[in-house]
Structure formats: C-alpha cells, structure tokens
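These features come from TrEMBL:
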type	residues	note
DOMAIN	B:42-75	domain 'Connexin N-terminal'
DOMAIN	B:146-213	domain 'Connexin cysteine-rich'
TRANSMEM	B:23-40	transmembrane segment
TRANSMEM	B:77-97	transmembrane segment
TRANSMEM	B:132-158	transmembrane segment
TRANSMEM	B:191-214	transmembrane segment
Amino acid sequence: MNWAGLYAVLSGVNRHSTAIGRIWLSVIFIFRIMVLVVAAESVWGDEKSAFTCNTQQPGCNSVCYDHFFPISHIRLWALQLILVTTPALLVAMHVAYQQHQEKKLLVLTGHGDIKSLEEVKKHKIRIAGSLWWTYICSVVFRLLFEAVFMYIFYMIYPGYQMVRLVKCEAYPCPNTVDCFISRPTEKTIFTVFMLVTSSICIVLNMAELVYLVVRACTHRGQQNSNPSTRKGSFYGHKLSSEYKQNEINQLLTEQDGSLKDMLRRNPGLQEKGDRCSAC
Amino acid sequence: MDWGALQTILGGVNKHSTSIGKIWLTVLFIFRIMILVVAAERVWGDEQDDFICNTLQPGCKNVCYDHFFPISHIRLWALQLIFVSTPALLVAMHVAYRRHEKKRQFRKGDQKCEYKDIEEIRKQRFRIEGSLWWTYTSSIFFRLIFEAVFMYAFYFMYDGFRMPRLMKCNAWPCPNTVDCFVSRPTEKTVFTIFMIAVSSVCIILNVAELCYLLTKFFLRRSKKAGNPKHHPNHENKEETKQNEMNELISDSCQNAVIGFSS
C-alpha cells in the first residue's frame, strides 16, 4: 500500500464528487503528493546524515537533531495528506450503501436482472438527502485536518523558514555548540510551496462547502414554491424520476388521452432514468 | 504517485491533441522525464556528499553548499516538468465535460444524438473547435509561460548554464575564503545543456502549435464568412427540442419516447 494504492482508492470517489471536489483531488495528487514523492523526499533524504555539529562529543549530534526536529517535515506532510484524503472514503461508503439498498429494491420489485443491477453501479448518484450531509461532513473534516496540521507545523517550526544554523546545549553537548542544517534554502522553498498548495486546498474546500450549501438552499426554495414536488428523501434519484413522471402526466393532460394511458400502463416506455447530471 | 501515474493521466489527453501536441508530449516523456529519472538523478545523487571544501571547520561545507545551490537542478527540473504538463489537464477536464453532456443527451433519447451506444461516446474524439479551442489554446499558452519562467529562474540562479569545478566560499563559519569542489561538474554541464536544449525544442513546438491553431481558426472563420448558409447549431437546440416534443405529442404512434427540455 503506497501513494499509488491511495490514488486507486480515491479515483473511484471522484465520480461522485462535485466539479470543485475533482479539482481539489487533482491538486492534492499532482501538486502535493507527486511533488512530495519526486522532489521533497530527496531534499530531506540526508537531513540527519548531513546535520553537522561543531563538536566531536559522541551523541551530541543525535541529541541536537532530535531536539530541533521532533518530527520531520516529510513525515508530517505524509500524515497530513493521508488524513486529508481519507474523509472522502466516508462518501464512498455511503454511496456503496445506497447502491446496495437500490439493488435490494430492484430485486424486491422484480427487476433483479443482471443488466439492471449493473446499471445501478454505473449511474452517478445525486448529492442529495443524507448523502449531502455525509459529503458536507467529509469536506468539514478535510478543512479541519488541513487547519490542524498547518497549526502543528507552525507550532513545531515557528515561522516557515529553515535556518542554516541552530545553537544547541542539550546534554551531552559541552556548552553551546553550533549545528548546521543541510540544504536550508531548498527546504524553505519546498516548505513554502507545500504551504501555498495547502492554502489553495483550504480555499477549494471552503468554496465547495459554500457551493453545496447554496445549492441546497436553492433547491429548497424551488421545492417550497412548487408544492406538487415531494421532499427529497433517501432515494433522491428515484424521486426525481417520479417528479419527471408527474411532469409528463401534467404535460399530457391536455393532449392525447390514449397516449397518457399507454404511458401509465407501461412505465418502462418512459425515458430510462435521467439521473442527475454533473452537480 | 510518480512519473508513471502522470504519464497515465496525460496519455488520455493525447487523443484530443493536435499532431504537434502529440509530438510535444512524446518529447516531454522520452527526452525529459525519462532522462531525468534514468540518468540525471544519478549524476546529481551525490551532489552534497561529494561537495568537498578545503577546511575542517564543521558546518562550513553545509553553509557553502547551501549558498551556491539554493535549489538543486534536479528539483527545479522536476517542478518545471510538473508545471508544464499540468495545463493539459484543463483540456482533459473540458473533454470529460463534453463527453458527459453527450451521455446525458444520449440517455434522454435525444433524436439529434447520433451515437448508437455509450461506448461510442466514450471512444469518440472531439474536434478542437468552439470553446474547446479556447481551452486548448490557453493550455498551450500556460505551458509556454511556465517553460519560460523556469528557464529564466535557472539562468538567474546559476548564472549561465555551466557548472564550475571550483567555488570560493567565505560564508560564516568558514574561516576566511575556502575552496570548495563540486562533484562531476562536466557531466552536470552536459546534462544541463541537454535539458536546456530539449526545453527549447519544447518551446518551439508549443509556439508552432499555437501558430497552427491560430491559422486553422482564421481559415475556418473566413470559410464561414464566405458560406452564409452555415449556422451555429447550438442556438437552435432549444427550438429543435421544442419542435420535436410537439411532434411527438401530437403523433399517436405507440412507441413514442418523449424528451422534454429542462
């Protein structure tokens, strides 16, 4: 299990995300995980071996390194990226659960053929009802984790600049010794880069949150002004099909009565589920 | 997530590129990314370990290395390649969006939709026109800008593209001025020049692609101006749909499938 495995797991979630969610996922994988793997890891690769203190006292080097770097930047970023990408799995689990329920319903109503069951897996589920709440929670958790890690980073390494020289007086170092960090400028550049991408991800998450809330309020407003529509519940997409069925019936009321009767008798002739499009 | 994954992502974009775009992508992957991974990373692998200064003063080597190499060539190239290949994703997103719209039309049973099944939509190659042309042109423009910015950053940081054998350093805590020796300077110079040359070739390909797209655009425009019968079909979509709906409703055919405009 490595970053590629995580990518495989999260690519599936991508289908059920909003457009902003997909952009967020691309930013995470290309500008954070990929940069971490191909560039940053080699910058921090020799951080301990090239950490040099101006002393020959055995043990002083190790103690000073441990004092100034309780946890390496690379490990912090890896933890941050794992925790930030994992809430998306909540959405994946909820979607899987909904699909399972849908399949059960199909089997119960006598449409349990292989083709219909395959169709359930393929269609995109609308972010409505309880799925909306799950999605919102996942975005909130993402935001929370990003903020917490940025704060931890700032606490452990005040300011984001890596200095060339640190003065250390931990036992067994005699008096105060000068210790020199390897590649401080390059580390500062990458720290700033990762910080900027982290901020971009925070902004994208907030935008997605606002977008979802605004969309939900708009839908609510539409539903309130149109009393013939039922409130969305667990099978959001099913009800949208029923809503369309109502529309067709209304449309046909003034038209050919035989056509309307024919459609009522054979609901299968109606267009096959106009599932919700891109959110 | 590494270069292989990037190649998978960008491989899909290849289908919708122009011929020059496909050549550019090949040059990028074979002459830049592959050279970086199989050769250049080895050359720069021991850059700090074998950076030797003529002093026993602890810390002097670290400080001098940091002073002369604020960011290693390898990392700069890695960042450059990531930034330069990412605008192609804009095109991929636009194509995915168009595909999605076609699938929606197909599912609605739109008569105008000429595809037999979903698979055909998935495999279809879109022409670079309309809004996709603008997305594509923007992506090339961004590529050019990123290439130029990184080449400038390179030149600015390393004052020319040659790697000297010897550097004189007097940063604290080095006592006075010390001589520091860079490891494998000639090999590094060779690879630096190679990567700069390939970068220039990519810039030329991008400029050529831009010119090609602009030429095609103006030619198409002049054809349209000379042929007044041609109308953009998207303006008539709504009216066509409404007409169809009306036809189907008034038709008493048993197998009518009704599509309605949203």
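Including glycine, each Cβ sits where the backbone N, Cα and C put it.
Residues 3, 6-7, 10, 13-14, 17, 73-74, 77-78, 81, 84-85, 88, 191, 194-195, 198-199, 201-202, 205-206, 209 of the same chain lie 6+ residues outside the transmembrane segment (B:23-40) yet bring a C-beta within less than 8 angstroms of a C-beta in it. Within its own chain, the transmembrane segment (B:191-214) has Cβ neighbours under 8 Å at 18, 20-21, 23-24, 27-28, 31-32, 35-36, 39-40, 43, 73, 77, 80, 84, 128, 133, 136-137, 140-141, 143-144, 147-148, 150-151, 154, 161-163, counting only residues six or more beyond its boundaries.
The DSSP breakdown of the domain 'Connexin N-terminal' (B:42-75), given as helix, strand and coil counts, is 14 helix, 2 strand, 18 coil.
Each residue in the domain 'Connexin cysteine-rich' (B:146-213) gets a DSSP state, and the totals come to 42 helix, 8 strand, 18 coil.
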